[in-house]
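Worksheet for the structure shown next.
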Amino acid sequence: MTTATGTKPKKMEAFKMERGVKYRDAAKTSVIQVRNIDPDQELLPKPSWMKIKLPAASAKIDSIKHGMRRHGLHSVCEEASCPNLHECFNHGTATFMIMGAICTRRCPFCDVAHGKPLPLDPEEPRKVAETVQDMKLKYVVITSVDRDDLADRGAAHFAATVREIKALNPECKVEILVPDFRGRVEQAVEILKQNPPDVFNHNLENVPRLYREVRPGADYKWSLELLKIFKQEFPNIPTKSGLMVGLGETNEEILEVMQDLRDHGVTMLTIGQYLQPSRHHLKVERYVPPEEFDMFRSEAERMGFEHAACGPFVRSSYHADLQAKGELVK
(Lines of atoms letter the chains of each structure in order from A and count residues from 1; the text may use other names and numbers.)
(Lines give C-alpha, C1' and ligand atoms only; values in the text may rest on other atoms or scores of the structure.)
Protein backbone atom coordinates (compact mmCIF):
# COMPACT_ATOMS: atom_id res chain seq x y z
CA MET A 1 0.00 0.00 0.00
CA THR A 2 1.45 3.36 -0.98
CA THR A 3 1.23 6.70 0.77
CA ALA A 4 0.71 10.11 -0.79
CA THR A 5 1.72 13.23 1.11
CA GLY A 6 2.34 15.37 -1.95
CA THR A 7 1.62 18.94 -2.76
CA LYS A 8 -1.82 20.41 -3.20
CA PRO A 9 -3.36 19.63 -6.60
CA LYS A 10 -3.65 22.61 -8.91
CA LYS A 11 -7.35 22.01 -9.51
CA MET A 12 -9.41 20.04 -7.04
CA GLU A 13 -11.82 18.82 -9.72
CA ALA A 14 -8.89 17.26 -11.62
CA PHE A 15 -7.67 15.37 -8.55
CA LYS A 16 -8.49 11.67 -8.89
CA MET A 17 -7.83 9.39 -5.94
CA GLU A 18 -6.45 5.94 -6.59
CA ARG A 19 -7.95 3.02 -4.71
CA GLY A 20 -5.75 1.73 -1.92
CA VAL A 21 -3.56 4.85 -1.71
CA LYS A 22 -3.29 6.56 1.70
CA TYR A 23 -3.60 10.32 1.27
CA ARG A 24 -2.15 12.33 4.15
CA ASP A 25 -1.26 15.89 5.09
CA ALA A 26 -1.41 18.26 2.07
CA ALA A 27 -2.82 15.58 -0.23
CA LYS A 28 -5.61 14.93 2.26
CA THR A 29 -6.47 18.46 3.34
CA SER A 30 -6.40 19.82 -0.22
CA VAL A 31 -9.86 18.33 -0.74
CA ILE A 32 -11.31 19.60 2.55
CA GLN A 33 -13.44 22.71 2.38
CA VAL A 34 -12.12 24.22 5.61
CA ARG A 35 -10.83 27.74 5.37
CA ASN A 36 -8.73 27.94 8.51
CA ILE A 37 -6.01 25.43 7.59
CA ASP A 38 -2.86 27.35 6.81
CA PRO A 39 0.32 25.25 6.43
CA ASP A 40 2.37 28.39 7.10
CA GLN A 41 0.56 29.08 10.37
CA GLU A 42 2.54 29.82 13.50
CA LEU A 43 2.12 26.96 15.93
CA LEU A 44 1.01 27.64 19.48
CA PRO A 45 3.88 26.84 21.88
CA LYS A 46 3.21 23.88 24.15
CA PRO A 47 2.93 24.71 27.86
CA SER A 48 4.90 22.77 30.45
CA TRP A 49 2.06 20.37 31.27
CA MET A 50 1.94 19.20 27.64
CA LYS A 51 5.60 18.18 27.50
CA ILE A 52 6.27 14.52 28.19
CA LYS A 53 9.34 12.35 27.86
CA LEU A 54 8.74 9.36 25.66
CA PRO A 55 9.99 6.06 27.08
CA ALA A 56 12.67 4.15 25.26
CA ALA A 57 11.79 1.33 22.91
CA SER A 58 11.02 -1.90 24.72
CA ALA A 59 10.45 -5.57 24.02
CA LYS A 60 6.76 -5.10 24.86
CA ILE A 61 6.36 -2.37 22.22
CA ASP A 62 8.19 -4.47 19.63
CA SER A 63 6.07 -7.50 20.51
CA ILE A 64 2.77 -5.68 19.98
CA LYS A 65 3.93 -4.16 16.69
CA HIS A 66 5.15 -7.57 15.52
CA GLY A 67 1.84 -9.17 16.45
CA MET A 68 -0.05 -6.58 14.43
CA ARG A 69 2.22 -6.90 11.39
CA ARG A 70 2.17 -10.71 11.45
CA HIS A 71 -1.58 -10.73 10.90
CA GLY A 72 -1.65 -7.66 8.64
CA LEU A 73 -3.59 -5.65 11.24
CA HIS A 74 -3.62 -1.97 12.14
CA SER A 75 -3.70 -0.08 15.43
CA VAL A 76 -5.30 3.34 15.71
CA CYS A 77 -2.44 4.12 18.08
CA GLU A 78 -0.04 4.15 15.13
CA GLU A 79 -2.34 5.28 12.32
CA ALA A 80 -3.63 8.32 14.26
CA SER A 81 -0.23 9.19 15.78
CA CYS A 82 -1.51 8.93 19.35
CA PRO A 83 0.79 10.59 21.93
CA ASN A 84 0.13 7.72 24.36
CA LEU A 85 1.37 4.97 22.04
CA HIS A 86 4.53 4.14 23.99
CA GLU A 87 2.75 4.15 27.34
CA CYS A 88 -0.11 1.95 26.16
CA PHE A 89 2.09 -0.48 24.25
CA ASN A 90 4.37 -0.77 27.29
CA HIS A 91 1.24 -1.43 29.36
CA GLY A 92 0.44 -4.27 26.97
CA THR A 93 -2.68 -2.72 25.44
CA ALA A 94 -3.56 -1.60 21.94
CA THR A 95 -6.64 -0.45 20.06
CA PHE A 96 -7.25 -2.47 16.92
CA MET A 97 -8.44 -0.53 13.88
CA ILE A 98 -10.46 -2.76 11.58
CA MET A 99 -11.62 -2.40 7.96
CA GLY A 100 -8.28 -1.10 6.75
CA ALA A 101 -6.26 2.04 7.34
CA ILE A 102 -7.95 4.29 4.76
CA CYS A 103 -10.92 6.41 5.86
CA THR A 104 -13.66 7.63 3.52
CA ARG A 105 -13.98 10.79 5.63
CA ARG A 106 -11.35 13.52 5.76
CA CYS A 107 -11.73 15.15 9.17
CA PRO A 108 -9.05 17.85 9.41
CA PHE A 109 -8.19 17.08 13.05
CA CYS A 110 -7.38 13.43 12.35
CA ASP A 111 -4.10 11.90 11.16
CA VAL A 112 -5.67 8.74 9.75
CA ALA A 113 -5.25 8.61 5.97
CA HIS A 114 -8.08 9.45 3.56
CA GLY A 115 -8.79 7.78 0.24
CA LYS A 116 -10.64 5.01 -1.56
CA PRO A 117 -10.30 1.95 0.67
CA LEU A 118 -9.74 -1.61 -0.44
CA PRO A 119 -12.45 -4.28 -0.08
CA LEU A 120 -12.91 -5.74 3.39
CA ASP A 121 -10.76 -8.69 4.41
CA PRO A 122 -13.29 -11.38 5.43
CA GLU A 123 -10.58 -13.08 7.50
CA GLU A 124 -9.84 -9.96 9.56
CA PRO A 125 -12.23 -10.77 12.46
CA ARG A 126 -10.51 -14.13 12.93
CA LYS A 127 -7.06 -12.54 12.66
CA VAL A 128 -7.95 -10.02 15.36
CA ALA A 129 -9.23 -12.80 17.63
CA GLU A 130 -6.05 -14.82 17.15
CA THR A 131 -3.88 -11.78 17.87
CA VAL A 132 -5.84 -11.09 21.06
CA GLN A 133 -5.22 -14.70 22.06
CA ASP A 134 -1.51 -14.50 21.22
CA MET A 135 -1.14 -11.32 23.29
CA LYS A 136 -3.18 -12.82 26.17
CA LEU A 137 -5.26 -9.65 26.34
CA LYS A 138 -8.10 -9.41 28.86
CA TYR A 139 -9.54 -6.15 27.54
CA VAL A 140 -9.49 -4.95 23.94
CA VAL A 141 -10.82 -1.92 22.11
CA ILE A 142 -11.94 -2.31 18.50
CA THR A 143 -12.37 0.80 16.39
CA SER A 144 -12.43 1.48 12.66
CA VAL A 145 -12.07 3.96 9.88
CA ASP A 146 -15.31 5.32 8.42
CA ARG A 147 -16.48 3.07 5.58
CA ASP A 148 -19.19 5.12 3.88
CA ASP A 149 -18.58 3.00 0.77
CA LEU A 150 -20.22 -0.04 2.40
CA ALA A 151 -23.98 -0.59 2.44
CA ASP A 152 -24.05 -1.19 6.21
CA ARG A 153 -21.13 1.20 6.86
CA GLY A 154 -19.21 -1.69 8.41
CA ALA A 155 -21.64 -2.72 11.17
CA ALA A 156 -21.57 -6.42 10.25
CA HIS A 157 -17.75 -6.43 10.30
CA PHE A 158 -17.82 -5.03 13.85
CA ALA A 159 -20.31 -7.72 14.90
CA ALA A 160 -18.20 -10.46 13.31
CA THR A 161 -15.07 -9.20 15.06
CA VAL A 162 -16.75 -9.20 18.47
CA ARG A 163 -18.10 -12.70 17.80
CA GLU A 164 -14.70 -14.11 16.84
CA ILE A 165 -12.91 -12.50 19.80
CA LYS A 166 -15.46 -13.86 22.26
CA ALA A 167 -15.38 -17.33 20.69
CA LEU A 168 -11.60 -17.62 21.01
CA ASN A 169 -11.20 -15.51 24.18
CA PRO A 170 -14.34 -16.01 26.30
CA GLU A 171 -12.94 -14.14 29.31
CA CYS A 172 -11.87 -11.10 27.29
CA LYS A 173 -13.87 -7.87 27.60
CA VAL A 174 -14.51 -6.07 24.31
CA GLU A 175 -15.15 -2.37 23.86
CA ILE A 176 -16.12 -1.11 20.41
CA LEU A 177 -15.51 2.48 19.32
CA VAL A 178 -17.77 2.89 16.31
CA PRO A 179 -18.31 5.53 13.59
CA ASP A 180 -21.72 7.17 13.05
CA PHE A 181 -22.68 4.75 10.24
CA ARG A 182 -23.66 7.78 8.16
CA GLY A 183 -26.89 8.16 10.10
CA ARG A 184 -28.15 4.61 9.51
CA VAL A 185 -28.25 4.09 13.25
CA GLU A 186 -31.25 1.77 13.60
CA GLN A 187 -29.90 -0.59 10.95
CA ALA A 188 -26.46 -0.54 12.59
CA VAL A 189 -27.77 -1.29 16.09
CA GLU A 190 -29.93 -4.11 14.71
CA ILE A 191 -26.76 -5.70 13.28
CA LEU A 192 -24.55 -4.98 16.31
CA LYS A 193 -27.01 -6.51 18.77
CA GLN A 194 -26.30 -9.96 17.31
CA ASN A 195 -22.93 -9.84 19.10
CA PRO A 196 -23.06 -7.01 21.65
CA PRO A 197 -19.84 -5.65 23.18
CA ASP A 198 -19.11 -5.07 26.86
CA VAL A 199 -18.79 -1.30 26.31
CA PHE A 200 -20.27 0.72 23.44
CA ASN A 201 -18.31 3.85 22.53
CA HIS A 202 -18.99 6.57 19.97
CA ASN A 203 -17.21 9.92 20.09
CA LEU A 204 -18.98 13.24 19.60
CA GLU A 205 -15.48 14.81 19.34
CA ASN A 206 -16.48 18.47 19.77
CA VAL A 207 -19.36 20.95 19.99
CA PRO A 208 -22.12 21.26 17.35
CA ARG A 209 -21.16 24.84 16.42
CA LEU A 210 -17.81 23.59 15.07
CA TYR A 211 -19.02 20.39 13.39
CA ARG A 212 -18.77 21.70 9.83
CA GLU A 213 -15.09 22.48 10.37
CA VAL A 214 -14.12 19.66 12.71
CA ARG A 215 -16.26 16.74 11.46
CA PRO A 216 -17.27 17.35 7.82
CA GLY A 217 -19.77 14.70 6.78
CA ALA A 218 -20.91 14.02 10.34
CA ASP A 219 -24.06 15.11 12.14
CA TYR A 220 -24.34 15.88 15.85
CA LYS A 221 -27.90 14.51 16.03
CA TRP A 222 -26.92 11.26 14.28
CA SER A 223 -24.28 10.64 16.91
CA LEU A 224 -26.57 11.33 19.85
CA GLU A 225 -29.28 9.15 18.32
CA LEU A 226 -26.84 6.26 17.87
CA LEU A 227 -25.86 6.38 21.54
CA LYS A 228 -29.49 6.68 22.63
CA ILE A 229 -30.80 3.78 20.53
CA PHE A 230 -28.03 1.43 21.60
CA LYS A 231 -28.66 2.26 25.27
CA GLN A 232 -32.37 1.64 24.84
CA GLU A 233 -31.59 -1.75 23.30
CA PHE A 234 -29.00 -2.66 25.97
CA PRO A 235 -29.67 -0.69 29.17
CA ASN A 236 -27.08 -2.71 31.12
CA ILE A 237 -24.18 -2.12 28.70
CA PRO A 238 -22.20 1.07 29.45
CA THR A 239 -22.25 3.69 26.69
CA LYS A 240 -19.31 6.01 26.33
CA SER A 241 -18.29 9.10 24.36
CA GLY A 242 -15.23 11.32 24.00
CA LEU A 243 -14.53 14.99 23.38
CA MET A 244 -11.48 17.01 22.32
CA VAL A 245 -10.90 20.52 23.63
CA GLY A 246 -8.73 23.32 22.31
CA LEU A 247 -10.39 23.73 18.89
CA GLY A 248 -12.13 27.02 19.59
CA GLU A 249 -15.05 25.81 21.69
CA THR A 250 -15.96 27.37 25.03
CA ASN A 251 -16.16 25.55 28.34
CA GLU A 252 -19.87 26.36 28.44
CA GLU A 253 -20.35 24.59 25.11
CA ILE A 254 -18.49 21.52 26.38
CA LEU A 255 -20.73 21.43 29.46
CA GLU A 256 -23.80 21.62 27.21
CA VAL A 257 -22.53 18.65 25.16
CA MET A 258 -21.88 16.72 28.36
CA GLN A 259 -25.48 17.31 29.41
CA ASP A 260 -26.69 16.20 25.98
CA LEU A 261 -24.75 12.97 26.46
CA ARG A 262 -26.34 12.34 29.85
CA ASP A 263 -29.78 13.12 28.42
CA HIS A 264 -29.14 10.35 25.86
CA GLY A 265 -28.12 7.77 28.46
CA VAL A 266 -24.32 7.95 28.18
CA THR A 267 -22.59 6.86 31.39
CA MET A 268 -18.86 7.12 30.57
CA LEU A 269 -16.98 10.20 29.33
CA THR A 270 -13.48 11.07 28.13
CA ILE A 271 -12.16 14.59 27.54
CA GLY A 272 -8.65 15.31 26.27
CA GLN A 273 -6.57 18.04 24.66
CA TYR A 274 -6.57 18.25 20.86
CA LEU A 275 -3.05 18.02 19.44
CA GLN A 276 -2.30 19.11 15.89
CA PRO A 277 -0.78 16.19 13.92
CA SER A 278 0.85 18.47 11.32
CA ARG A 279 0.72 21.95 9.81
CA HIS A 280 -1.87 20.60 7.39
CA HIS A 281 -4.40 20.00 10.16
CA LEU A 282 -6.64 22.22 12.26
CA LYS A 283 -4.57 24.37 14.56
CA VAL A 284 -4.68 24.24 18.34
CA GLU A 285 -6.58 27.34 19.43
CA ARG A 286 -5.58 26.96 23.08
CA TYR A 287 -4.08 24.52 25.54
CA VAL A 288 -6.57 23.80 28.29
CA PRO A 289 -4.91 23.85 31.74
CA PRO A 290 -5.18 20.82 34.07
CA GLU A 291 -7.47 22.61 36.52
CA GLU A 292 -10.11 23.00 33.81
CA PHE A 293 -10.00 19.26 33.14
CA ASP A 294 -10.55 18.78 36.87
CA MET A 295 -13.58 21.06 36.58
CA PHE A 296 -14.96 18.97 33.71
CA ARG A 297 -14.56 15.81 35.78
CA SER A 298 -16.31 17.39 38.78
CA GLU A 299 -19.17 18.57 36.57
CA ALA A 300 -19.42 15.13 34.99
CA GLU A 301 -19.80 13.55 38.42
CA ARG A 302 -22.45 16.12 39.32
CA MET A 303 -24.34 15.31 36.09
CA GLY A 304 -24.38 11.63 36.97
CA PHE A 305 -21.69 10.12 34.73
CA GLU A 306 -20.52 6.87 36.30
CA HIS A 307 -16.98 7.47 35.10
CA ALA A 308 -15.19 10.47 33.59
CA ALA A 309 -11.56 10.46 32.44
CA CYS A 310 -10.51 14.08 31.90
CA GLY A 311 -6.94 15.24 31.32
CA PRO A 312 -4.60 16.70 28.70
CA PHE A 313 -3.43 13.31 27.38
CA VAL A 314 -6.68 11.39 27.84
CA ARG A 315 -7.95 9.71 24.69
CA SER A 316 -11.08 7.65 24.19
CA SER A 317 -9.31 4.31 24.57
CA TYR A 318 -6.58 5.51 26.96
CA HIS A 319 -6.42 2.93 29.78
CA ALA A 320 -9.87 1.80 28.66
CA ASP A 321 -9.64 -1.25 30.91
CA LEU A 322 -9.16 0.97 33.96
CA GLN A 323 -11.94 3.29 32.82
CA ALA A 324 -14.30 0.32 32.58
CA LYS A 325 -13.40 -0.64 36.16
CA GLY A 326 -14.19 2.90 37.33
CA GLU A 327 -10.60 3.74 38.27
CA LEU A 328 -9.33 7.32 38.07
CA VAL A 329 -7.67 8.12 34.73
CA LYS A 330 -6.30 11.58 33.97
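Glycine residues also receive a Cβ, built from the backbone N, Cα and C atoms like all the rest.
SER317 ([4Fe-4S] cluster 1 binding site) falls outside any helix or strand according to DSSP and counts as coil. The [4Fe-4S] cluster 1 binding site annotation in Swiss-Prot covers CYS77, CYS82, CYS88, SER317.
Here Swiss-Prot flags CYS103, CYS107, CYS110 as [4Fe-4S] cluster 2 binding site, drawing on sequence analysis. Proximity of CYS103 ([4Fe-4S] cluster 2 binding site) to non-local residues of its own chain (separation of 6 or more, Cβ distance below 8 Å) is seen for CYS110, VAL112, ALA113, HIS114, GLY115, PRO117, VAL145, ASP146, given in sequence order.
The domain 'Radical SAM core' feature in Swiss-Prot is assigned to 89-306; the stated evidence is sequence analysis.
Same-chain residues with CB within 8 A of the center of the CYS103, CYS107, CYS110 CB atoms, the [4Fe-4S] cluster 2 site residues themselves not counted, are ARG105, ARG106, PRO108, PHE109, ASP111, VAL112, HIS114, VAL145, ASP146.
Within 10 Å of the C-beta of CYS110 ([4Fe-4S] cluster 2 binding site) we count 23 further C-beta atoms, all protein chains included. SER317 ([4Fe-4S] cluster 1 binding site) sits 19 Å from CYS107 ([4Fe-4S] cluster 2 binding site), counting Cα to Cα. Each residue in the domain 'Radical SAM core' (89-306) has a pLDDT score, and their mean in this model is 94.
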